[in-house]
Amino acid sequence: MATVDPIRYPIGTFQAPQQFEAGEVQEWIAAIRGLPSDLRTAVSGLNDEQLNTPYREGGWTVAQVVHHLADASMNAFLRTKWGVTEDGPTVKPFAESEWAKTADACLLPIEPSLLLLDGLHARWAALLESMTEADFHRTVRPEGAAGEMPLYVLTALYAWHGKHHTAQVASLRKRKGW
C-alpha cells in the first residue's frame, strides 16, 4: 500500500461513504457550514509574503488554496442544486490547475473569495439541511466518470475537501512557525 504524503494530505485521502447515515450527513453539513470560519482562522494574520508561499514544494500558494476553495465550492453548490432539481444530470468537471493560474486566483487578495465563501456556504448548508434522505440518494453523473454519484457522497467529498485544504494551510503555519 502506498504511503500518503502527510504534507499534501494532512487529514488523509477521501474515503467515500458506502451508505447513507443521517448522523454523518449532519456532520458533513456542519463542516460545510463551518468552512468559511475555519478557513478565516487558518489564514488570520498572514501577510502577503506568507499568503504567496506554497503550502508544499510544487503546490499552490496559500492564496491560491483560498481561491480554489471558492471555485470548488461554487462548482459543488451547483452540482448539488442540479442533483436536487434534475434527474441524474451530467456535471462538468473544472480544470482546477488551470483555474489556479488565472488572474483572479494569482493576483486578487483573498478577501473577495472569503466573502464569497461566507455567503455561498450559508446557502449551501441551508439547501443541504432542507434535503430529505431521498434527496441525498439522488445522483449526479460526473462527466467522464464511470457511474453516478449520490448527493450524500458529493456532500461527504466536499466536507472533506474543505477540511483538507484548511489543514494544508494550518500545517504550513505550524511547519513555518507562523
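Residue numbering: from 1, along the chain as shown.
Cβ from N, Cα, C; glycine included.
Copied over from Swiss-Prot:
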BINDING   HIS68, HIS161, HIS165  Zn(2+) binding site
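Structure coloured by features recorded in Swiss-Prot.
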| residue | record | CB count, 10 Å |
| --- | --- | --- |
| HIS68 | Zn(2+) binding site | 19 |
| HIS161 | Zn(2+) binding site | 19 |
| HIS165 | Zn(2+) binding site | 23 |
Environment of HIS68, HIS161, HIS165, the listed Zn(2+) site - residues of the same chain whose CB lies within 8 A of the CB centroid: VAL65, LEU69, ALA72, GLY162, HIS164
